[in-house]
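Annotated in TrEMBL:
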DOMAIN    A:78-261  domain 'ABC transmembrane type-1'
DOMAIN    A:333-523  domain 'ABC transmembrane type-1'
REGION    A:1-24  region 'Disordered'
TRANSMEM  A:34-55  transmembrane segment
TRANSMEM  A:75-100  transmembrane segment
TRANSMEM  A:112-136  transmembrane segment
TRANSMEM  A:142-166  transmembrane segment
TRANSMEM  A:242-260  transmembrane segment
TRANSMEM  A:288-312  transmembrane segment
TRANSMEM  A:332-359  transmembrane segment
TRANSMEM  A:371-393  transmembrane segment
TRANSMEM  A:399-419  transmembrane segment
TRANSMEM  A:460-481  transmembrane segment
TRANSMEM  A:501-524  transmembrane segment
Amino acid sequence: MLRRTGPAPAAVAPPDPPGHSVPAGPAGRRAPRLLLAASVGVAAAAALPLVWLLVRVAGADPGRVAGLLARGRTLTLLVNSVLLVACVSAGCLVLGLATATLLARVRLPRPGLWWVLAALPLAVPSYLLAFAVLAVRPDARGLAPLVLVLVPACTPYVTLPAAAALRAADTGPEDAARTLGRGPLAAFCRVTLPQAVPAALAGTLLAALYTLSDFGAPALLRYESFTWAVQAAYEGTVDRTGAAVTALVLAALTLLLVVAERAARRRFTRGRATSAVHRTPPAHPGRAGTAAAVGGLSAVAALTLVGPPAVLVGRIVAAGGIDVDWARLASAAWSTLLLAGAAGLLAVLLALPVGVLAARHRSRGAAAVESIAYLGQGLPGVVVGLALVFFSLAVLPGLYQTAAVLVFAYAVLLLPKALGATRSAVERVPVEAEEVARTLGRSAAGTWWAVTARQAWPGVAAGGLLVTVTAMKELPATLMLRPTGVDTLATRLWAETALGAYGAAAPAALALLLIACVPAALLVRAGPAREQER
Amino acid sequence: MTGGSGDVGERWDGAAMAPTPMGPTAMALTVRGIVAGYGHEPVLHGVDLEAGPGELVSVLGASGSGKTTLLRVVAGLHRPRAGSVHLGADDVTAVAPEQRGVGLVPQEGALFAHLSVARNVGFGLAPTGRARLRRTAAATAAARARVGELLDLVGLAGTADRMPHQLSGGERRRVALARALAPRPRVVLLDEPFSALDAGLREQVRGEVVAALRAAGSTAVLITHDRREALSVSDRVAVLHDGRVEQTAAPRELYATPATARVARFVGDAALLPGRVRGGEVETVLGRSPVRAGAATGAVLAVLRPEQLRIAAPTGTGVAAEIVDVEFLGDALLVTARPDGGPAVRVRAPAGEPWRPGERCRVAAAGPVHVVPDR
């Protein structure tokens, strides 16, 4: 599964945990019926894959389901996944906290650049990193190379919130600890670092969620994780009950992580006690310290950002030029663009009613609807893909393996991104401005067009763009749902790699890397750059 | 617009001109028995408020007193559970905000961030709905002229093409006022428009905004928690507490003859000394003083403002007291003195006098005293 098709993009467009607050702000504004009805419809669409998976498993022979659950393979998969998640999480936590400390507390040359470099790996799909590893060492397989790929890929989930927390942390207690006889490092570690730990742990849960949902990297590196097992069961057997049961277990695990992450974030945001915040200026590490810090940060960045394209170009050179079927690549690029563009459009259309409802008409019902719309965040691409295969076969056989079902799958998977962007864009438009427009003679709908939409559209559009570029990189759902004969860049890469044709796969991989730069550019403009200005 | 502090003094003349009792139809705004709230608890419990044509009425209250809810009810943004809102003779209680003809100046202005200053001001002039199709060149020119007129009025003639983020805090408030005034509303509502400005700027912007309101001849309701603001700019002040109007009066009257102890404390510094009224005099720890006409009788609280009290050497007149604290205000001294056997009172004394904490003195009330019921 691809970068960002599963876990929350906390670093890009932090979606507020839905339902985190009971009516506040513009309470008492009852939602228009039409808006409410549309939102409920969207929630139903978002819930469809999970519900249908449940229906499918419930409709299967209970004895068979129990047998599938109880067999040794389930346990093997569980152990494998837990082991993988534990290794990646631990690695991300350590690396992320260290990076965050450097970013927030050490004076580095070009500070903005390091924030960007620390965030960028988020945009690179992990299967590209795995592909780069394979291109160098074709025999790489198993836990160790997979952890090596996933740790740098997932570390930004920890780094960004932890660095933000460190930056916002009150260093007054640290100053007090110094005057009470602690050294600078001891004071930092004992007093200030703990302030960033909750944020880091919430980020670690996101990394764990991503790891558990990831399909491409484990599959390429032949590690038996849940996602790979679902895909294998789907491809390999006629009776797909096995795939359905495995997918359901996986969905249960990932949703558990989502719930844990929300709870952690809620506790974290509630935990700030002081209102007066002291800030310590970044420390001067000295010449050697600076060199070490810059070296460390550069090495991690190089591994994820420079490594893959360098390997790919090297591959092309080693193959003595490119022997690529350009027509096929171009048609794959074109279908990728069309499918992902449609997905972005659909996701925005779905996100609009729910986003407006959440931003302007908060209530328990609205919070519930929003939570359901966020389901895609916790559902791996394989799960959504499989569920929609079942659904289209059983209910709408005419649509099976059509672009419509694939676009719908993208939209449901990536709806949280569009929703977070839409909600925060609408929230940023002051309610007072809307009220003034009303007193100046505009109806509710007129106000929406003349004031709210005009100010919110850049944020909403950015959300749609994010969905589009993310959909371009999606692999597992695409593999299951794509129309026969249609290829996307990701499936081209997948097919060539499976054949061991690394040179032939390189152009598709390079194209995907370029696409990955688009949200990175957005991220640079919206996230760390602004963070830097504070 | 010059808008100096000269325009902003207490509007004694305004108080004098305060409309003599008129029928509700002669009022520009009449609010009767408003009950409103969020969820189960009402925030307003039967509020009455009136504003005559061209009058500036302040609603003064602490945070949580319900003043913003009241304003939203008048604007039509919040539907009351009971009571009525009239603009002139028209009952607008159930009328949508866009059809009411009220102007709103929210806190910090809330300008439309995507529109230039001129388009902000012209927002309420643009035809909407089907009228858009029939827009004539003459109407567009008229709207443009009106925008220019209003920008002149608020002293921002040169800023028409600027964007809101290029304006200072004070300029934003003035644009917000121009925007509210543009469609000639029947009443302008100002929701603490000066509260987020720093102290020096606040007085200047307030002066400019109030001068523009006066120049436009608009009826206005100003929501504020700042008693000096309310007293200095308003024709009348309504003191709101816990969703009820405690008293509505001209500023000078409110300050000199508050109806309740709470209003007395809320509109200015005052010592409230328990006493008894007998034969036109009140006896307190400071001795006997004549009471103002028409005062309460029996057990009362005497309202003694610092400037009503006199401090003298131990050999002078008044009751013996000990100086507890002396605060230097620059142009005066605020002396806290405790009369023997009574609570401390604050006395305003000339800045040059040599009072020191710990010294003995005498304190007396000068002139007639206002009393309020002791409840």
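Every residue, even glycine, has its Cβ placed from backbone N, Cα and C.
TrEMBL entries are annotated by machine, without manual review.
Sequence-distant contacts of the transmembrane segment (A:460-481), counting only residues of its own chain at least 6 positions beyond either end whose CB sits under 8 Å from a CB of the stretch, comprise 1-5, 9, 12-13, 125, 127, 215-216, 227, 231, 234, 336-337, 339-341, 343-345, 347-348, 351-352, 355, 380-382, 384-386, 388-389, 401, 405-406, 409-411, 413-415, 417-422, 425, 488-491, 494, 512, 515-516, 518-519, 522, 526.
Nonlocal intrachain contacts for the transmembrane segment (A:371-393), taken as residues 6+ away from its ends with a CB within less than 8 angstroms of a stretch CB, comprise 1-2, 5-8, 15, 18-19, 39, 42-43, 46-50, 52-53, 56, 209, 212-215, 226-227, 230-231, 234, 240, 243-244, 247-248, 250-251, 254-255, 257-258, 350-351, 354, 399-401, 405, 408-409, 412-416, 419, 474-481.
Sequence-distant neighbours of the transmembrane segment (A:75-100) (same chain, 6+ residues past either end, Cβ-Cβ under 8 Å): 118, 143, 146-147, 150-152, 154-160, 162-163, 165-166, 193, 196-197, 200-201, 203-204, 207-208, 211-212, 218, 223-226, 229, 246, 249, 253, 296-297, 300. Of the Cβ pairs linking the transmembrane segment (A:142-166) with the transmembrane segment (A:242-260) and spaced 6 or more residues apart, fewer than 3 are under 8 Å, so the two regions do not touch. Sequence-distant contacts of the transmembrane segment (A:288-312) (same chain, six or more residues past either end, CB-CB distance under 8 Å): 95, 98-99, 102, 106-109, 114, 117-118, 120-121, 124, 128-129, 131-132, 135-136, 152-153, 155, 506, 509-510, 513. Tertiary neighbourhood of the transmembrane segment (A:399-419): same-chain residues 4-6, 8-9, 12-13, 15, 42, 45-46, 48-49, 338-340, 342-344, 346-348, 350-351, 354-355, 358, 370, 373-377, 379, 381, 384-385, 388-389, 392-393, 460, 463-464, 466-467, 470-471, 474, 477-478, 481-484, 486, selected by CB-CB distance under 8 Å and a gap of 6+ residues from either end. Taking Cβ pairs closer than 8 Å, the transmembrane segment (A:242-260) reaches residues 6, 8, 50, 53-54, 56-57, 60, 65, 68-69, 74, 77-78, 81, 205, 208-209, 212-213, 226-227, 229-230, 233-234, 377-380, 382-383, 386-387, 390 in its own chain, all 6 or more past its ends. Tertiary proximity for the transmembrane segment (A:332-359) is limited to same-chain residues at least six positions away from its ends with a CB under 8 Å from its CB atoms, namely 18, 31, 35-36, 38-39, 42-43, 45-46, 366-367, 369-370, 373, 403, 406-408, 410-411, 414-415, 417-419, 421-427, 460-461, 463-465, 467-469, 471-472, 486-492, 508, 511.
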